[in-house]
Structure formats: C-alpha cells, structure tokens
Amino acid sequence: RVAMEASELWVGFVGAGRMAGGLVRGLLQAGKVPASNILASAPSDKNLDAWRELGCRTTHCNLEVVHRSTLVFLATKPHILPGVLEEIRPAVGSHHIVVSLVAGVTIQTLQRLLPPWTKVLRIMPNLPCVVQAGAMVFSRGSNAGDEEAALLKSLLSSCGLCEEVPESYIDIHTGLSGSGVAYVYLFAEALAEGAVKMGMPGALASRIAAQTLLGAAKMLLETGEHPAKLRGDVCTPGGTTIYALHQLEKGALRATVMDAVEAATNRACDMAKD
C-alpha cells in the first residue's frame, strides 16, 4: 500500500531541471513532503546546488534515486530517457510509482521500457508551476489505480491546477497551456507596448498589463462564467472597449490564437512519433 502521509513518502527525481525544481518548491511550500525525504539526481552539480539549498538530498546516481524512493519522477530530456529507463529498470519494484514529466514519451512506451507491473503515470506541467500557479494534467497507465492517481493529484495541486485526463488530451494541453504561456507573454508585451505608444512609462505599463491578465484569469476561475459573458460585462454601448474589440476582430485575434493552439498541438503529436 502506498503511504499517504507526507512524512512517510520518499520522493525521487531522476533529472533536476527547472520544471522539476518548480514542482519541488510547490511541494515544500505546501508542506506536502519534507525536504529530507526528497532525493534528486543529475549528471553534474549544475542544477543540484539549488536543490541542496532547499534542503533536499542529491546524488549523481539514478539507481540510488530508485532504491531510496517510492515515488519516482522522471524529468530528463526526451532523447536521454530510453537510456535512463534501461539503467533503472532492474531496480524498479512493484512498490514504486513512476511519474514521467518527459514531453513526447507515451505511457505505452514507458510501460514497454519498464517492468510489466510498474505503476506508471504521465504528467504535463507548464512553466508557472515554478511560482505555484501552474496548470497540469496527468494520465495513468494500466497498473496505476485510484490510490496512485489521488496521491499524485494531492501532491501536484500544491503547484497549481491539476486535472486527470485521457492521455490523448496531453498533446492538446501542451498546445493550450504548455505553449500557451508564451502566447500570453506575447499578448502582455503588446498590451504594454500599446500603453507606451500612448505615453505611459514602460515599467508601469508592464506591471499594469500583468495585473490585468492576473485579474481577468482570477475572475474566470472564481466565477466559472464563460469568457464571452465576462467580456460582454466589460462592454458598454459606444464605449472604449467595444471600439478596441472591433480592432482585435479586424486583426483576426481569435482565429490566430486558435491556429496557434492547433499548430502547437500538432507539433506535440509529431514529437511523440519521432
């Protein structure tokens, strides 16, 4: 049985990049797992120093992570993962839960490269997990049950929104949220530059643009209203907003963003086939 108490859970990270580090910060800030129960591996000390500063244990040995952990996160680069799985496969037991953060590697591939009994889950986070405001989805393999799914969701909810989905949605999530963060940054930049054009200092414009996006997102989440309803609430007949929206419609903003999500999703699908 998987231990549900945070103090009893031993968590390992094979790979110690920025996204994995963001998840760890969320777990620590929420008190989900003690730092002393977390062990991370990487080939060099380049990324491990930051983990040591958080109080986590580190190693250069992937096998040590597996031996000392119950919940093992795979956080390597995609091209490195097959070799890592070959290395750790002999150490993976029936008590392990293996969770992959690696883009483009399917659950089917993970299950094929690991022992047949392995409880495998796959998650796709996004960059704001680093500030505990991420959007994550996860899917489970054939041997992972409700208990494993509940444990993962409980842990990752400390890093932002976390939803279980069919695996086919993971590539869509990549196009919507993983890459979508960049679309929002581009929009925020354009908002601020518009204000600069009209005479506002750049630093102030950037802060107001960011807060505008934050407030709009919070209203979407907390009210549960459709975006079109909230957009309509801002518009008054003959007012400033409807004039601005008309310009956005002439620029085909909605169609362009939809095309961007489609392009990123298709690319994610292609990467999974490579």
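Note: Cβ is positioned from N, Cα and C throughout, glycine not excepted.
Here's what TrEMBL has on this protein:
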type	residues	note
BINDING	Asn62	NADPH binding site
BINDING	Ala75, Thr76, Lys77, Pro78	NADP(+) binding site
DOMAIN	11-104	domain 'Pyrroline-5-carboxylate reductase catalytic N-terminal'
DOMAIN	167-269	domain 'Pyrroline-5-carboxylate reductase dimerisation'
Between Asn62 (NADPH binding site) and Ala75 (NADP(+) binding site), the C-alpha gap once rounded to whole angstrom: 11
NADP(+) site, defined by Ala75, Thr76, Lys77, Pro78: further same-chain residues with Cβ within 8 Å of the Cβ centre: Gly15, Gly17, Leu74, His79, Ile80, Leu81, Val84, Leu101, Val102, Ala103
Close in space, distant in sequence - Ala75 (NADP(+) binding site), Cβ under 8 Å, 6 or more apart: Phe13, Val14, Gly15, Ala16, Gly17, Met19, Ala20, Leu101, Val102
The domain 'Pyrroline-5-carboxylate reductase dimerisation' (167-269) [mean pLDDT, rounded to integer]: 96
